[in-house]
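**Student:** Annotation comment: TrEMBL describes 154-222 as domain 'TRAF1-6 MATH'.
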Amino acid sequence: LSTDTLQFLATIEANVSSDDVTKTQHTTCKIATEDVVANARATVTTVLTGVCKSKTMDEKFASLEEKLSKEFADVKWLLYSILEQQPNYLKSVRNANLHGTFNGYLSPRQDEIDKFNNTMQNLSVLNGSMNAFVYYWQVRNFNVMLANWQTGRSMRSPTFYAGRSGYAMYLRIAPKYFPDGTVFVGVGLTRGRYDSVLEWPFPYRIRLEVLDNSLKGVREDRRSRIWDPATLCTEDFWGRPAGVADNPECVGLSIPRRIILSKSLSISAQRYSENTRYMWNGSVLIKLIVYL
C-alpha cells in the first residue's frame, strides 16, 4: 500500500468511535504460479447511519427501566392499599379469571355492608353520640335502568323494619326523575306488623346517602341533610299508613346523572372497566340512617 493510502485508512479509523455502528467487509485474494505464491487481503469498514448507536440504546433502556420501576411501585402501593383495606378483594382475586377484568370484583364497600346492614349502631353526632338504625340497599342492574328507563319510572326496595319491632319503611329510586336525567332516591313509611304499638306520627330524623366506591381516604359519599319529620310535610307522609300500603315519600336525595357516572382516579379498576365512583358492577348502594 502507498503512503497516501495508509494515511487515508488511519484517518477513517480515527473517525470511528466505539459508539458508532459499523459494517466491516473482508476480501482475500490468493495468486499461485509455478514460481510465486502470493496472498492479498483487503478490509473495508463502513460507518452506518440511521440505526441506533450502542450508547443511545443504553440510554433508552436505562430510561425505560426507570419508568417501569416507578410504574411497578405505583401498582404495588395500589394493591397493598386495596388488600389492606378490603380483605374481600383477596378472595375475589383468588377466584377471578386471570385474563378477566375488574368488573367481577366485590365492591370496596362490601365489608361495611356485611358488618353494618340492618343493624343498630352508636354514631357520633355534633353534640356527642346517639343510637341509629343503618340500612343498605343495593340496586342491581342500575346501569341498564339508566340507559333504558323512561322519565318518572321508579323501583321500590323490599320492606324493612327500622330496628327491632320498629317502623316499616321502604326506599325508592328513579333513575330518570327529571327529563335531564337526574337520579332521585326517596324514603317512606309503609304498613307494618308493629304499627298498633308504635308512636305516630313517625318521630325520628333520617338521612340518605349514595355511596362512593373509591378508596377510603378519598371517598365522597353523596349525603342529604338530616331531615326532621316534625318540620317537613304533613301527617299523610308520616302518619300511620292506612288504606294503600305505602305512604308517599316526603323527602329524597337528587343526584345529577353525570355524578353517578363519574370515575375515580384512585382506583385503576374504574379507569379500565365500566365501574364508576357511584356504580359498581352495574349496581348503586343506598344507605339510610334513622336516628333513634
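A Cβ is built for glycine as well, from the same backbone N, Cα and C atoms used for every other residue.
Predicted automatically and left uncurated, TrEMBL annotations should be read as such.
Can you tell me where each of these features sits in this structure?
**Tutor:** Across the domain 'TRAF1-6 MATH' (154-222), DSSP classifies residues as 6 helix, 28 strand, 35 coil.
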**Student:** Determine the mean pLDDT over the domain 'TRAF1-6 MATH' (154-222), rounding to the nearest whole number.
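**Tutor:** That region's mean pLDDT is 94.
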